[in-house]
Each structure stands twice: as structure tokens, then as C-alpha cells.
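Colleague: Just dropping this structure here.
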Amino acid sequence: MNGINTANEEITRSLEESLNICKQSSRLMQRNLQTGRLMDAFRNCSISLVEMRNSALTPKQYYELYMFNMESLRLLGGTLLETHLNGTHNLMDLYELVQYAGSIVPRLYLMITVGSAYLETPNALVREIMNDLLDMCRGVQHPLRGLFLRHYLLTQTRKGLPLGSEDEEDASRKGTVLDSVKFLVINFTEMNKLWVRIQHLGPIKEFSKRTQERNELKVLVGLNLVRLSQLNLDIDTYRDHVLPAIIEQIIECRDSLAQEYLVEVICQAFSDNMHLQTLDTYFGTVIKLSPSVNVTQLVVAMLNRLTDYVQREYESDSSNEDESETVTEKLGDIKINEEVQQKDEQECPGDKVIPPEYAIQEVLWSHVVEVIQSRSGLPLDCIVSILSSILNFFLRCYPYKPQYADRVFQYINEHIINQPSLRSALHERPLQKSLCAILLLPLTYFPSFSYCLELQNFLPVFNAQDPNLRYDIARMIVQKIIEKGHSLSELTEAQELLGFVSVIIEKKGVDSLDDLQNVALMVHYLNNDDPQIQIEILRSLKDTFIKAGENVKYLLPVVVNRCIFLARNFRIFKCMDWAEKVRLLWEFVNTCINVLYKNGDSLELCLALYLSAAEMADQENYPDFAYEFFTQAFSIYEESVLDSELQYQQLLMIIGKLQKTRNFSVDDYDTLITKCTLYASKLLKKPDQCCGIYLASHLWWQVASGEDSRPFQDPKRVLECLQKSLKIADACMDQLTSLKLFINILERYFYYYDQHCESIIAKHISGLIDLTEQNMRSILISSPADLIASDPRAYASSIWEVANVSVIDSLKNHLERATAYAEKRSEDERWSSIFQ
Amino acid sequence: MAGKKKHLLKVIILGESGVGKTSIMNQYVNRKFSKDYKATIGADFLTKEVLVDDKVVTLQLWDTAGQERFQSLGVAFYRGADCCVLVYDVNNSKSFETLDSWRDEFLIQASPSNPETFPFILLGNKVDVEEQKRMVSKSKALAFCQARGEIPYFETSAKEAINVQEAFETVAKLALENMDSDDIAADFTDPIHLDMESQKTSCYC
């Protein structure tokens, strides 16, 4: 009688104090168990369990205390089971015995401990004990204590719950899986009620504190659903018995915290196969939840889960197929292998994983729309978040069927973009970011950009964004195409792509140079094997690029270059009237380069492009266009008169290209090279003149490069060029420069002599060698004072004696190498005559 | 009758969400694998009796939630652990990079008597996935183990039952050694409360 009174006292101790009491009692209990003193063990265990009535603990503190006591109880339960099995103590007797504990909390913990151990014994009256434990636990209605007590019940009965079917013998004693379902559902219902009750206890001012505490306790309730998912139920049982019972409790409790958490646990704890067959129920439930529940998270969680499921199953199936393909290859049946690969390329993961009778695309989409429309209070960012998830599902599970993804964009167009009431919201930054992310999803997951262009509603959503946002999206589009190597081959595709990208092209200033560079790079991914279509693509590109204003110089060159190479493709492709179409192509090239020319600041670029075009036009035997391009190049050359160094470089480029041409008429070629040589002779600086002319000499001596080529060769002109360059070299005031030029010209003589250019004879060469060596000797023996006397500018160079000596040495070596070359060939009578 | 002391060894299994902690445990205890994915809600444990060095040992294996929001009551159950199993997915770099966080969190919460020598074991799971998807090399994992006190490393597949039994044999040995050490320490600090024993309370007979 004293014990009963003591046990009913309220306990308010610190966690440390309670734990200390529990530790002492637990240690004593363990000793009692070792020495077989069961009654003492029960008594000490009860002392520990009385601390579970401590009212001063927070949920987390209570959890610590609970965890400690669980360890003790498990030791007790294990020992009791062992003693039962070896015949020392009967668990049913002990089950009766512990019911005499003086306080309900210890009493129930002990009953659960003994009862659950009994469940694991053969021939146990499982059904009876299960029902008894459930009923007894109703005795604790204090929310915190009751939740943990029932959590203990869940934990301890895990092994003992029956899994059999009604058909088995002893079903009435052992129970069936449906008894387990009932057990868990009832426990779940009771726990949820305890959990919800916490919200309504205590003063209003502590509402948020209670909410926080309830958040901490939620995993206790969720464990019921986890246990249900661990029963390995068949679909019918889940759909017809489990899910409806759970959902009934969820909806009827009308508590938003509980509803939100428990629906998510349903999503996370049960398998995807079960979800696929109960989507109507799941989404129907979401719609019925309390207004303050965040349903967005619940919809997104299910959509993401199904997306991951399809990806996982598809990869798993694919790796299995890879093995079978290996077997196929061993059989040497390549044809079947190719067919399989062809099929795989077009097969959507969703089609492979989810049977078509589910009509998963329609089901999910209709549910998403229904949730959005039924929950009329949904904020705009939540709607966009849901749409993003369903779009992600369509893109990743059905990447070859853009019609599903397009529904999402259509919805965005109709219900967001074109809603007058949402006009102001569209300019808010967070929503813009969300829409931007949505617009980027197709770029990320479609196998190629072509599929993006099949989204008819994509462009309107894109165009509705602010310019800055459109710019960012356009930039991402270009980057994705380059990264993934997406190739577009149709004219309409290219035109639509340009529609997206124009926001980059039309931006003024220098901020977007990196992005313009990517746009130029992207041009290489707009490819069609038919040059007729390709030229139309390039025309579209040019029409768009013109809008770049000054920045056109960063974009149009790539179009020009691609046109130049396209000319060859026409010849290979040989479509109808291909030669005439190439002529149109060359006119287009000329137009493009003219655009660059008129934009100024890019004359050098234009010159280079004209020369490239001229080169290809000549190779492909369009001499009239090649002539025109060279003429244009000369015009640009003439405009560079203010920069003599640039002019010199440009002229060398022209000489190089012109010398390689093969299809000009003799008259046209002669006209061009004469003009070129004249330009060389008019360069501002004498050394440049000299170099220009002797390099231009090669224009008069083309070299045969194939069977059908007719190289142009005019020995007389070659000699004239060389002799004129000699005169200029001799006229240079700087002796070192003059000597250097002499040596270079000598090498040219050797070259033409080797080529059997008739106008170059041994006498010329031997005379030049003598003259050059004479100049070398005169420099070597002259003193700085003499240099000053003969060349007023030489005074400065004499100061740099070391450099001067170095230059002289290098020239001396150069001359010796040149003459040594000729001497080495003296076995040839022609060459030996040079030195006679 | 005086019974022989039975060893209950507590093992905590930690790792990023989705690496296969629950599947590994199910493979070890029940020798089953389910390809269905179910997130672990809260902490849950299974027990398995094993023979280690001629001793009968009960392993209490605690499966944990890899996502924080499913571990809302905290980790009080870490306390008293005898061994900790760290799991990552060899095809998921992030799950490897977060191992130190899991390890540090465990040492803080569990407060073992000797953190320097507390036994850990590392499992690299999902090695059944094709090689080109592998993101964390074996040498990298071994380096991680060596840098943290030469902890054992196993490459496992819960799906194909690769190395799972072997890994937990090692776990059992490590846990048993650790428990023996704790017992020795505990014996010296066990206070005798004469007052408690002298109290007479009602008997339940």
C-alpha cells in the first residue's frame, strides 16, 4: 500500500538525476539477472521505469531517458526469453505477474517486454497477446509518455508480428498479416491522436514551442507506417486495406503538421510499385488536406520519386541488356545488334519501365493540374515548383516525346504568362529565377536541341521574360549546344534557334564578347549534308548577325568561312544546277564580306577573308569570282597606305595566295601579278620593297602540282624582279641591311637555278656571290670611323659593338651556308660552272 | 542459477541518404535484397546472433536516416555504441566527401571513453554497378582509412551480397574488443551504494 502511494507522486527531476537513478537500478537489475533473481530484477527495472513519468523533460531529453531504459528492457527481455525456452520460467506466467506492478507506466513497459518476448516463442497465442497489448496501452493518455510507450511497442513486436495468410493452419492462434496490419493501423491511429493532442494542451503563448516539440516527436508516429511498409504486403492489401485506413486518419485529424509529415512518410516509406497503383488515392488525399498544409512539397516528393524510380529501373534494365547484347555479338549477328541499338535510341525510359496501360503521363498531369486548381490559395512560386517537377519527370522519363513537356509550357503560357492578374508578379526576381530554371530544363535533358524546338509553347514563355533573363537563357542555350555537341540540321530549326539567340546578338557594347564567341562557335553545329539547305541556314545566320551592329565582326567571319568550304561540298554533292548555285554562293560571300567592310575597324579581317574566298574559288574553278575577290583585296590593301608595316604584311599574304592559284586565264593572272609586283615596288621602305619584289618573283614562276595543272612561268620576268631587288638592296644606306638582302636574293637565285629557270644563268650567280663576298669583306675590315664616314646613321650602331659583331657573325654564317649549299652540288656540271 | 554473461554489442550504421545502409543491413541479417527504394524514417535496429572467438554475441545493428528531417528526435541512441560503420556509394562522390561529417558527428554525440581508438569501419557500397560509373577509387578510400587510424575497408554490394558477411564479421570482432576494454574500465568505476541495497521495498511475490 505504501508502494502504491509512492508510485503516484509527480516526478520532476533533471535528466541527469533521472539517468543516475536509472543507471543504478539497471546495474542492479543486471546483477539480479546474472544470479537468477528474477523478482529482484523486475523490482529494480520498475524503479528505472518510474522515471519515465518525469514531467520536466523536453522530448529530446525524454528520448535520451527512453533510449537508456530500452537497453535495460532489451536485456531483460532477452533473458526472459532464454529462461522460457530452457523451461525455467514460463513467459505467460511472467506476463500475468508483471501486471501487478504498482504504476501503469512501468507496468505497461514490462508487459510489452514480456509479451513481445512471448510472441517469438513457438505456439504463442499471438493474436491474443497483440490485442491485449494494444488495449492496455490505451491506459497511458499522457501524450509524451504514450507516444514513447507505443513506440516501444512497435520496436519490440517487430520480430513477433505474424506474416502468414488466412490459408495457413493455426491462423486463428498465430494470426495473419492482416492482424499485423490491423495492429499497426490501430497503434498508428492512437499515436497520431496523442501527437495531435499536444498541440492543444497548454497556453496559447506556448503554441510555437509545442509545434517545435511536435516536430521532434514526429518520427515516433512515422515508424508505424515504416513497419507497415516492412510487412511485404501485396498490392491489393496495400491498396484496399492499408492506404485507406491510414488516409482516413490523416484527413480526419485535421492537423496540418501531422498531415504534411504523414503524407510524406507514405511517399517515402512505401515502394514505387505501390505508388504507381495508388496515385489517384495519393493525389486525392493531397487535395483534401487542410488549407495550411504545404502540398507543394508532397506533390514534388512523389514526382521526384517516380522520376528517380524510372531512371533507376531503366539503367538496371539497360545493364542487363548489355550482357545479352554481348552474347548476341558472340553469335556474330550484327544485324540484330544494330536493330536493338536503333530501338534503344528511340525508346523512352518511361515507356520501358512503366506499362502503357497506366497512362502515367496523363494520370500525373491531370493530378498536377487538379491539385493546382483545387488548392486555389497556392502561391505562384509553389505552382512553378510543381510544374518544374512534372516537367522534370516528362523530360527525363520521356526525352523523345516532347509533347508531354510542351503541356507544361502551355500551362505556363495560359495560366501564368497570359494572366492579367499576375502581370506584376512576373517581374519579381524569385519567380523569374524559377521560370528561368524551368526554361533550362529542356536544354539539360532533351537528347538534342531539336526536341526543344518542338515545344511550341517554349518560345512564348521565353519571350515573356525580361531581357536580362532572356539573355541568360540564350547564353545557356548556346552553351548547352556546344557542350553536348547538339547538331541542328533543318533550316527551320536554325531559324528558331536564332530567334532565341538574337537577344545576345543584338546586345550592344563589349560586355557580351564571350557570349558572342560562343554564338560563333555554335555556328559549327548548324549542319546539313545537303549544301542547298546549308546555304539557306548560312543566309539566315547572316541576316541575324547583321543586327549585331559593330559586333558583327565577331560573328560573320564564321559564316564566310563556312560558305567558303561549302563550295567544295556542292561539287561533291552535285545536286541539280550545282555550279550555278555555287555562283550564287560566291555572291553571298562577297555580300557578307562587304558587310564587314562597311562596319569598319575590320579591314585586315576582310582582306584575310577575301583571300581565303579567292583561294577556294580558284581551286573550285570559278576564276571570275576569284579575280573579283583578289581585286577587292587589293582595294583594301590600298586603304592601308598609312601603315607601311601592315601593308607589307598584307602584300605578302596576297602574294602567297595568288601564287597558289591555278585556274586563271593567262591574261587575268598576268594582270593580277603585275599589279602585285608594282605594289611591291611602291612600298614605302626600301628593304620592304626589296623583299616584296623578290618574293613577288615567285608569282612569275608557279610550280607544277598535279597532272592537269598548267603552271604559269615567265623566266624573263623572274630575272627582272631579282635584278630590280638587287638594285634596291644596293641602294640601301645601311650596309648590314644591304648585305642581308643580298644574301636573301642570292638564295633566290639558287632556288630558280635549281628550278631550271632559263633566265637564271651561272654567270649571274657567280657574279652575285663575288659581289656579296666583297661586301662582307668590306664590312669586316672597316672600322667604326669608316662606318661613320660612309653612313651617317651608322654612328649609333657602332656604340652597340657586341650586337654589331653578333649581327655580322650571323650574316657571315648565313652566306657561308648558302655558298656551301651550291658547292655541295658541284658534282653536277651545271652547278660547278658557277665556280669556274 | 548463475548464468554466463551474454554480450550485446551495439553497432551504428551511418552514411548519406541512398547509399544503401538499410539494404546492407537487410542483406546481412536476413540475407535479402530489395531493389525497391524506401527512405529510412527515424532510427531502427535489427539484431543478429553471431559466434565470435567462441563467444556468442548479439549484434544490435542500428540503421539510421540519412536525411536530417527524418531524424527529428536526435541521436541519443549513439550513446553506448561499440562500433560505427560508415557507408558510402562508390558511384557517388558526395557520399564519400561527407564521411568526415558523419564520423565527427558520431564522435561528438556518442562521446566514447576513448575517441582516438574507437573502432570504425568503412564500406564502399554498390560495387555491382558498372565500372565506368564508379566515382571513388579504391586507393582513395584506402587513403581515407589510413589517415584515420587504419580503419578496415570493404567494398560491398548489398545487391550481389559481396563482402557483406565478411564486413560484419570484422565489425563483430572490433565491437567485442571495444566492449571488453569498456568492461575493464567500468569495473573500476562501479560504485557500491550501501544505502540502496539496504532499503526494503515491497515484494511482488
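Heads up, the Cβ atoms here are built off N, Cα and C, so glycines get one too.
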Colleague: According to Swiss-Prot, which of these ranges is motif 'Effector region': B:37-45, B:46-54, B:55-63, B:118-126?
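Modeller: So the range that Swiss-Prot calls motif 'Effector region' is B:37-45.
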Colleague: Quick one: among the binding-site residues B:Ser17, B:Ser23, which has the most Cβ atoms sitting within 10 Å of its own Cβ?
Modeller: B:Ser23
Colleague: Who sits close to B:Lys35 (GTP binding site): which same-chain residues at least 6 apart have their Cβ under 8 Å from its Cβ?
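Modeller: Listed in sequence order, they are B:Lys159.
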Colleague: Which one, from the binding-site residues B:Val127, B:Ala158, has the smallest tally of other C-beta atoms lying within 10 Å of its C-beta?
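Modeller: It is B:Val127 that, of the binding-site residues B:Val127, B:Ala158, has the fewest other Cβ atoms within 10 Å.
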Colleague: Same-chain residues six or more away whose CB lies under 8 A from the CB of B:Lys38 (GTP binding site)?
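Modeller: The answer is B:Thr22.
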Colleague: Listing the binding-site residues B:Gly20, B:Ser23, B:Val127, which lie under 8 Å (Cβ to Cβ) from chain A?
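Modeller: In terms of proximity to chain A, the binding-site residues that count are none, since no Cβ is under 8 Å.
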Colleague: Quick one, of the binding-site residues B:Gly20, B:Gly66, which Cβ has the fewest other Cβ within 10 Å?
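Modeller: Among the binding-site residues B:Gly20, B:Gly66, the lowest count of other Cβ atoms within 10 Å belongs to B:Gly66.
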Colleague: Using DSSP, would you call B:Lys35 (GTP binding site) helix, strand or coil?
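Modeller: Once the DSSP labels are grouped into three classes, B:Lys35 (GTP binding site) ends up as coil.
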